[in-house]
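These notes are about the structure you will find just below.
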Amino acid sequence: MTILGIDPGTRKMGYALISLEKGKIALIEAGLIKIKAEELQFQIPQMVEAFEGIFKNHKIDEVAIEDIFYAHNPKTTIKLAQFRGAIMLMLIQQFGQFSEYTALQVKKALTGNGKATKEQVAFMAKRLLNIKKEIKPLDITDAIAVAITHSQRVRLKQQ
């Protein structure tokens, strides 16, 4: 089974594809989608095009996305919500469904602590996947963590 994890953002989005076979997880691919356009009306199609490339190149069985958080700037929160709405529509059209996890759920799933730092989550994501090299930026490890969190839920359902 291939799981796509997404860490949404307004300028850059982390994504990660992991495989789940016989209870074991492995990283297939992870990366960053950079949004270069300045206006929302051009940013969203740019993001959709990037994801369509990922969908074409991989057989994806399950998708998980990190839920929205409240930013200190209301404009940023609104823009992130608009991007998530576009992503959600795209995922429903492509896969029929997707799962959502809050940052707290992801942190707890990987570290056991809902107040873990991004660096602690990144450390555990790399450890669980036996990755030795550094992965930057943290948007990528956040997406990996979302995918791992979903893999844990899938494993529980299979038992």
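These residue numbers are counts, starting from 1, taken along the chain as shown.
Just so you know, glycine gets a Cβ as well, placed from its N, Cα and C.
Keep in mind that this is a model prediction, so the values were computed, not measured.
Lifted from Swiss-Prot, the feature list:
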- D7, D139: Mg(2+) 1 binding site (BINDING)
- D7: active site (ACT_SITE)
- E66: Mg(2+) 2 binding site (BINDING)
- E66: active site (ACT_SITE)
- D139: active site (ACT_SITE)
Euclidean distance between Cα atoms of the residue listed as 'Mg(2+) 2 binding site' and D7 (Mg(2+) 1 binding site), Å: 6
Please report the Cα separation of E66 (Mg(2+) 2 binding site) and D139 (Mg(2+) 1 binding site) in Å, rounded to an integer. 11
Per DSSP, to which secondary structure element type does D139 (Mg(2+) 1 binding site) belong, with helix, strand and coil as the options? helix
The residue listed as 'Mg(2+) 2 binding site', number of other Cβ atoms within 10 Å: 24
If you draw a 10 Å sphere on the Cβ of D139 (Mg(2+) 1 binding site), how many other Cβ atoms land inside? 25
Cβ density check for D7 (Mg(2+) 1 binding site), other Cβ within 10 Å (all protein chains) comes to 26
